[in-house]
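Notes for the one structure printed next.
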């Protein structure tokens, strides 16, 4: 069954670059505890791609997910307008999905951008941030109490 593309649809050539970049980023994952490598690739409004991988720590709460690594890299270089992110893992039977913390961090930068959740065979599903985190809390909500 054909899947509807979100309104934030990304050009096919950008999607392919994102998917490849997320798979490449996964190779750099530092995950000695979970042995669950994840890679992410983030597409900015002007077409630049920032990649990231998960980085674990012996003090488990200090680890960081691939999605947040990519977003933090982009922010640290002055980018805040995002069009899409692709996420890769070694899960064979399911599409990799961002955790709740990553969904909230993505939400900080808008609700109508694409999240490509992949499998190693290259297949993917795409959802918007809004679809992954409905009824969310964002920066504009802070203005409602002033």
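The backbone N, Cα and C atoms fix where each Cβ goes, glycine too.
As annotated by Swiss-Prot, active site, proton donor applies to 67, with the evidence given as experimental evidence. Under the DSSP three-state reduction, residue 67 (active site, proton donor) is assigned to helix.
Annotated substrate binding site per Swiss-Prot: 54, 55, 56, in sequence order. The Cβ of residue 54 (substrate binding site) has 24 neighbouring Cβ atoms from other residues within 10 Å, across all protein chains displayed. The secondary structure of residue 54 (substrate binding site), as reduced to three states from DSSP, is coil rather than helix or strand.
For 65, 99, 102, the entry in Swiss-Prot reads Zn(2+) binding site. Its own atom aside, the Cβ of residue 99 (Zn(2+) binding site) has 12 Cβ atoms within 10 angstroms in the protein chains shown.
Each residue of the domain 'CMP/dCMP-type deaminase' (13-140) gets a DSSP state, and the totals for helix, strand and coil are 42 helix, 31 strand, 55 coil. Annotation source Swiss-Prot lists domain 'CMP/dCMP-type deaminase' at 13-140, citing sequence analysis.
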Entry from the binding-site residues list 55, 65, 102 having the most other CB atoms no farther than 10 A = 102
Quick note, residue 102 (Zn(2+) binding site) and residue 56 (substrate binding site): C-alpha atoms separated, nearest Å, by 15
Neighbour count check, CB within 10 A, over recorded positions 56, 67; minimum at 56
